[in-house]
Structure formats: structure tokens, C-alpha cells
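These notes concern the structure reproduced below.
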């Protein structure tokens, strides 16, 4: 064997790898600086130079960003009416001409105005909201609503598995297609990795439309592992909407290896559905190769049926957005809290400013409660979550680890007044990389229901104490340290 020749080849590969990494470092530092945080930049530089070849491969899958132009294609002037509505609402807050009947709207007008800086986060009142924390009860209602649909059904999901639950929903959708209804389904290509468009042959033959979000251009490999559509939305006839944390699949009914699945989802009736419909149309048009999906009046009908008193803003965020609205909304809520904060997130990897906000709240006398899982579904993410949560112990934050299965709920509630429920975790991936949607709800009844659900969860959780945390073995300390170091790219 010619070891000299092999050595030469290896040297050439290492030199090429080093030069490639230098070029990528230049791109990350100078060409993508407006799309990355400092922590993300440093994390990628660390990976590139510590792991020259592997770092390049990781960058291909995880490091690239998405352009705003790509996400806004096919929408043209259709957004003008919504932009005018948002501007009118901003003007009303600036001029103190409120005209709103909800007391929490006036009290939290600063948060509302901030969220209005995105065209789809307009404020609506008179919404009726139902909360779901159990997958079986949620999808029983979803299936009932699908079978009662009269005009159209739109679904957008990060994970849409074609297992027991997925097939039941697909069967219901195909039944409605046979009745002549319009049905559109948008799923994420990575989140629904077991699903391919070919699986929907019968659905499409019946007239159903389906699109994959950022599909792979190479069989079996998707080079865009980041920038995924993590949203979970259903709109039925413009009268009923769903948004929250549950995906579609048997795992979310508690039938997977993680056991019982604890999540939070909302069913909305009222004007807030228009914002969900807008979000769906924008996302569909960004991925579809068909003619533009028009903002037809039938998708924004006059609302009928039960009306409630809840005010809602539907806030979206993603890598193509100028402002990280959901992250800003979370932080503003924390800084506004006077009495209590209730947080649930399966992944807790925010930046230091977010952690500092929680510390300041706790040190100011606000009761701060955070609930995270007791078991990992992604090991590195779990150890980073555990480390970040424990960082709050010295400030008096109550940290609970949920024991009854896996908690996937993403909620923030303050002062028994306002809350946020949706798809966004409290981590860098949700704040910076993925496309997310959350409902910011200004309603005391919903806030109190969330607190009661949280208190029920405490009964099936363990309180993490400083004494217990300090006794963790060296192996766990090592895992936490490594996970925290690379957390900006997890």
C-alpha cells in the first residue's frame, strides 16, 4: 500500500477543508451578519474550526438562512387591506382613541402595539376560545368540525404522520372532498419526514391540494434542516380555527415511546380566525407552484355562531421576518408581570437577555414558575434546557420537571390576565430559525384556566431544588457544558 500517496491525498483534503471553512467563516461574519446573532456566529465559527470537514457538512444542513423575498413571493398587493388595518390600529393607540371593550387591551396596550409592527398581528375582539390539553379530546373535536364543514378546510402542520390518527383525519378530509369541499394541506418536509407527496395520490385524485414546505431537491436528504415550518393551524369555513402545540400523529395521543403527551392547543371562534387564514395563505403561496391563492372574500366571511369576549393577536415569526415578534412578545410579557409568571416549554434555550428578564422578575418579587420535561426527546437539547433552567434557581424561580410522560406545551401566562399559546418554544430555534405562530390572548378567564392546568401539572411534577441540582454527577455536568456551548445552533 502506498502510504505516501494516501498521505498526500489526506493533506490535500485537509487543506481544501480548511480553505472552505475560511470562506464559510467570511460568509458567516460579513455576509450573513444581519441575519445572525453574535452567539450563533461564534458557535458556527467554533464548529467550523474545531471540526473542519464535519463542520462544513453541518453548515450545509443547518447553517444556511432563508431570504425574505422567497417567503413573500406570489402575494403582491393582496396584503394592502391588512396593512391598512394594522396602521389604523397603531394610530388609535398612539392617539389614545382606543374604543376597545376589553379592559386587558387597554392595560396591555404597549404589548399590543409592539406586536402590531407585523402586518398579520392585528387585534380582534369578541373571540370565543376553548383550551385543550389532551390529544384525544382535541382531535375528537377537530374531526367533528371537519365532518361538519360546509365550504373549505385548510391545514398547516409541522408533523402530519399517516399513522392511525393521521389516516383518520385524511379519511375525513377525503370524505369532504367527495362532497365538493376545497381542502388544502401544507406539511413540513422535515417534520413529516416519513411522508411524501406520493402518499396523497388518492387525496389529490379527489381534488385535494397538498404542498410540502421547503421540500428536498435530493432524494432522502434535505439540505435545509433549519428554517422549518413549525406551525400548527387549521381553518374551517372561516368560522373555526385551531392553533397551538399539538402535531398530527399517534405520538401526540400518548401512544409513542415518551408516553402521555401533555400539550396545549386552542380552538378559536371569532374575528381572530382571519389572522390564521391570512397566515395560511401567505405560507401556501410561498411554497405552491400553482397560480396565486387569492385573498378571496369567502376566506374571510362574516362570523356566525357563538361569540366570546377574548381579544387576540396572532403573531408570526421566522427567519425571513425583520422582527422576532414572538420572542419580543414573550420578553415584553415577562417584563410587564407584577404578580406571577407561568411558563411551560419542552425546550428552554433562550439567550441571556431572556434569562436575565426572568431573574429580574423573580428578584423583584414576582412569582416565577417554569415547567420543563423530566426526560429527553432530543438529548443535547434536553441537557441545554436543564442547564438553562437551573441557572434560574439562585433567583428563586420555581423549576418543575414534569413526570407524567412528556410535556410539549408552549405557554406563557402573567398575572392571571394575558397569555400566549402556540408553536414557539422558548429557544433559539423557535426565536430565530423556524417559522412559528402564537396566539396572544387578552382574557382573564383563559389565563385562569391555564393557571389551573399548570397547578394540576404540578401534582405530577417534581420541584427541582438547588441541593438536588448541585449533586448531579460529573457526566451530566459535562453534557450540560457541551450542550450549552453549542446551544445557539441546536
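Placed from the backbone N, Cα and C atoms, the Cβ positions cover glycine too.
Swiss-Prot assigns the feature transmembrane segment to residues 9-29, out of the candidate ranges 9-29, 72-92. Counting other C-beta atoms within 10 Å of each candidate's C-beta, the active-site residues 237, 415 are led by 415.
Assigned with DSSP, the residues of the domain 'PLD phosphodiesterase 1' (225-252) fall into helix, strand and coil as follows: 3 helix, 12 strand, 13 coil.
Residues 61-66, 132, 135, 138-139, 142, 145-146, 149-161, 163-166, 169, 186, 188, 190-191, 213-214, 258, 261, 263-269, 272-274, 276-277, 279-280, 283, 298-301, 303-305, 314, 316, 318-319, 408-410, 421-424, 429-430, 433-439 of the same chain lie 6+ residues outside the domain 'PLD phosphodiesterase 1' (225-252) yet bring a C-beta within less than 8 angstroms of a C-beta in it. DSSP classifies residue 408 (active site) as coil under the three-state reduction. Here the C-alpha separation of residue 410 (active site) and residue 232 (active site) works out to 12 Å. Sorting each residue of the domain 'PLD phosphodiesterase 2' (403-430) by its DSSP state yields 3 helix, 13 strand, 12 coil.
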